[in-house]
Amino acid sequence: MSATGMIGESRVHDPVTIVIFGASGDLTHRKLIPALYMAYAQELLPENFTIVGLARRDYDNEVFRTMLADSIAAFSRVPPDDETVARFVAHIRYHQGDISTPEVYAGLKEKFQDVETYPENRLYYLSIIPSLFETAVRSLKESGMVAQPGGAPWTRVVIEKPFGKDLASAKALNAQLLRHLDESQIYRIDHYLGKETVQNILSFRFANAIFEPVFNRSYVDHIQITASETVGMEKGRGGYYDEYGAIRDMITNHLLQLLCFVAMEPPGDLSADAIRNEKVKVLNAAKLDVRKDISDAVCRGQYAAGMEEDGQPIKGYLEEERIDPASTTETFAALRLIIDNWRWAGVPILLRTGKRMAKKTTEVAVQFKVPPLQLFQQIECEGDVCDIARIKPNTLIFQIQPNEGIFLKVGTKRPGMRFVVEDVKMDFSYSGTWNKSLPEAYERLLLDTLHGDSTLFTRSDEVEAEWRVVQPIFDQIDQLKPFAYPPAAWGVPEADWLFHGMEGAWRNK
Ligand SMILES: NC(=O)C1=CN([C@@H]2O[C@H](COP(=O)(O)OP(=O)(O)OC[C@H]3O[C@@H](n4cnc5c(N)ncnc54)[C@H](OP(=O)(O)O)[C@@H]3O)[C@@H](O)[C@H]2O)C=CC1
Ligand SMILES: O=C1O[C@H](COP(=O)(O)O)[C@@H](O)[C@H](O)[C@H]1O
């Protein structure tokens, strides 16, 4: 299995044809091809492989290869070497056609006959709009291009997010896909699971005996998970985003996965299903912490127009390209959950995400309780002004990105005659410990699919359990009008209300 990180670093041996549906799109150019190139440059791809890019645009092999070489130059995580790029792109072919027509599959079959001088292992990567997922899978199956599960040669299909729009559509999509494929052939991707620092939450928790005994309701006051972005609507994304919004785009998948990793029980072993079973248990026990009404547990926001520090105007969400000017889609969301199980009962879990926020950061902060007896005073300084305050709680921070690392805030005696305590940070940072760039999430996840390791992919019941957590929001969306916030803020001040009945506050750092 790969949660150990061993498989990701070993070479794939099975020859394979990788077909990317949506090969002229943003994800292919910015992420998939640079990731495959990095795998190739590290000699992790098999000796025999072909990449077929499929889209409607009218390219030929040469044009397509040149464009992809440019993408590698622009987006590869280490500067590429021209000769290696040239050898890599020679494995790439372009196949022009429309996914909803039968001809495209007939043409694909011919292409396979041309290139497959090796066993017919195939990875289909669906980097397309969700409404085409079922058509693509059904057509592949009907054209006889899907192998039987569990044997050789193999067929695997990667499904991009969003996986559905709500619980009902996620269930329907699962049912449609499972009519044509076996669960073992489906890889529902959530790129957060490919991030080194996300996987490290598991190592930190289960490879060290000292923290696990305090990861529970007796010691933890609350958990905060933040994924904030400074960008607004990126080019070409307006239409998609306005239909989905921040809760569907980020919380239902990435933030709930982070929550699973930090809250799950230790799995019996590191097999894909052992880990996924534990994650599903967390999701099944998680629910919105609604006391009187939904606004006790959910707050939505939408960014307004504003100015950059240099005086440049920033568009409000409603003025962005392909956004309905009367849209009530949220670009910021904050949720308060509880996990009704023995370990976490009563511990508030706060999640938030947003575009055009003050800072690009993703972190999981576990805040512990304050000591039962306040023996010491704490000194707090802002600039030159210092004040005496109550002792602060310890906080353990998993810094997912950027400045990847793990930090523990502890109270320490400040040097001097008086017994006052100051907060210091014990830290481990990746950059200070290892002198190499971290693999991109897609690099890791693509290699896992080629190795047939589904640990870091989402199982059908898991995806449905994610939607079940957030579904009450969509059922009562009329009660959750978004509040406006200026660009470069930490979202809306109304989200502070989610701390009702507790002492904490959002970590706006
Ligand atoms: N971009 C990103 O950062 C992320 C994207 N995703 C997901 O990845 C998927 C792709 O996203 P992205 O690359 O941004 O989208 P784009 O709109 O940039 O690309 C869509 C691709 O689909 C192709 N396409 C559309 N309709 C057809 C058709 N009928 N037949 C053949 N090809 C078709 C388009 O090519 P052509 O017009 O030439 O046919 C294009 O190559 C989506 O599911 C998205 O939600 C997930 C996370 C992040
Ligand atoms: O899936 C998505 O993730 C990105 C943020 O990814 P990150 O790796 O930079 O944290 C987000 O911008 C996008 O809206 C969403 O679809």
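Quick reminder: no glycine exception, Cβ is built from N, Cα and C everywhere.
Annotation comment: TrEMBL describes 19-200 as domain 'Glucose-6-phosphate dehydrogenase NAD-binding'.
Close to K161 (NADP(+) binding site) in the fold, though at least 6 residues off in sequence, lie R188, I189, D190, N253, each with a CB less than 8 Å from its CB. DSSP assigns K161 (NADP(+) binding site) to coil in the three-state reduction, placing it in neither a helix nor a strand. Per TrEMBL, NADP(+) binding site is recorded for R56, D98, I99, K161.
DSSP assigns K360 (substrate binding site) to coil in the three-state reduction, placing it in neither a helix nor a strand. In sequence order, S228, E229, T230, V231, Q401, P402 are the residues of the chain that are 6 or more apart from K360 (substrate binding site) and have a CB within less than 8 Å of its CB. Residues or ranges marked as substrate binding site by TrEMBL: H191, K195, E229, D249, K355, K360.
Residues annotated as domain 'Glucose-6-phosphate dehydrogenase C-terminal' in TrEMBL: 203-507.
The feature active site, proton acceptor is assigned by TrEMBL to H254. In the three-state DSSP classification, H254 (active site, proton acceptor) falls within a helix.
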Binding-site residues (D98, E229, D249), the one with most neighbouring Cβ atoms at 10 Å: D249
Cβ neighbours of K195 (substrate binding site) where a neighbour is any other Cβ within 10 Å: 24
Contacting binding-site residues, sequence order - R56, I99, K195, K355, K360 vs ligand 2, Cβ under 6 Å: none
Cα-nearest neighbour of H254 (active site, proton acceptor) within the listed binding-site residues, D98, I99, K195, K355: K195
Among R56, H191, H254 [recorded positions], residue with fewest other Cβ within 10 Å: R56
Cβ neighbour count within 10 Å of I99 (NADP(+) binding site): 20
Reduced DSSP assignment, I99 (NADP(+) binding site): coil
Cβ neighbours within the same chain of K355 (substrate binding site) - under 8 Å, at least six residues apart: E229, V231, G232, M233, A246, Y303, Y317, T331, F332
